């Protein structure tokens, strides 16, 4: 089914928005997000590995040809370093590792080089925004005290280690290792990592902590850096398990109705709200269970299962059986969005991602049942003539579509659904680690690294 869904999403993108970043499935035209500046083709690059894995060979071939002829980084525009890294660099790296086609390696390294000026700050903590022509960077104007954002500068590690591996140029890995050094030197309030860090002073901004947006993928990349290094990156491992310990102590709570959730921390005060983005953490806890301190493995799996259950409830308690952007645990409500601006669903993957990890790590059939519920809801409410659209209010009887088919719907949501219903030997966890946009990157086994050293 996810294959037919992919075909519907891709064919309509091709028909109405080919070469542009994203498809507007209701108006049947292209949509260009300012996150990518003037770089085009986000959906194509994000979908390459999904097309390959689903054996959509014709589609993969035309996507590859577009990349060869038209993917151009020589644009005078400001981009989000984080979004371009996870979608474009990640997508190109995976396409290369899966297909072996040299064009993808070449483009990935070329783009990586264009991102390097973002690190030209007093601390080496990169800017959020970069003009890739002029090399001038800056931060989001709304970010606390001119700070860079934890989830943004903390979600470059996997891709940059691979860029060094594939180019033989150590500079990429050095840039991301330096970020770790800066973080290790700093005092962490209660062992937690605030979402804001000033790249000039090297000091934290506001003491806000979140495992949802602004924080999320930083934690994911600590664990995955260790796994991707074939468990040699001891520093990443230690940082991850220490962070989980602090998260358990300060952020994880149980509602009166017995649902485990992860709250947000604002300078010592808890906000009892959980974002859809935070739902990825169930899969993360389960994935990290195996390397946890010896007596804690079962506990981490259990934690993953509890988060999966809470997130399933956030879906189940809506009209459309699709989860809201954020849901609360206060004033008698549990796992329900109480604010209008949090009731939307933009085709996000995190809940399905957690189902996929929980299925692979426990084989409890309920995760496939829950995944199937999500498929039915997507088909009923998000599928339109011209593709798939997000929904403005999941509690409503009638769909009000937002008219965007996000590139991550093809990259993540449909890929995780496909993997949830596939055999475990498709992209097995011992050989592949998924970046935060679901792009699989190979584990760098010891012999790969030595082989690479000998080639230099």
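Cβ coordinates are placed from backbone N, Cα and C, and glycine is handled just like the others.
The Cβ of residue 83 (active site, proton donor) lies under 8 Å from the Cβ of 35, 36, each of these being in the same chain and 6 or more residues away along the sequence. What TrEMBL records for 83 (among others) is active site, proton donor.
All protein chains shown were included, and the count of other CB atoms within 10 Å of the CB of residue 216 (active site) stands at 25. Among the features that TrEMBL reports, active site is placed at 216 (among others).
A simple way to gauge crowding: the CB of residue 311 (disulfide bond) has 28 other CB atoms within 10 angstroms, across all the protein chains here. The disulfide bond annotation in TrEMBL covers 279-311.
Per TrEMBL, the feature active site, proton donor maps to 325 (among others). The C-beta environment of residue 325 (active site, proton donor), restricted to residues of the same chain at least 6 apart in sequence and closer than 8 Å, consists of 275, 276, 337, 342, 343, 344, 345, 346, 348.
Look at TrEMBL and you will find 350 (among others) tagged as active site.
As annotated by TrEMBL, Ca(2+) binding site applies to 436. If you take the C-beta of residue 436 (Ca(2+) binding site) and look for same-chain residues 6 or more apart in sequence within under 8 angstroms, you find 86, 90, 155, 216, 217, 220, 221, 280.
Across the fold, the C-alpha of residue 311 (disulfide bond) and the C-alpha of residue 350 (active site) stand 9 Å from each other. Residue 350 (active site) and residue 279 (disulfide bond) have their C-alpha atoms 6 Å apart, to the nearest angstrom.
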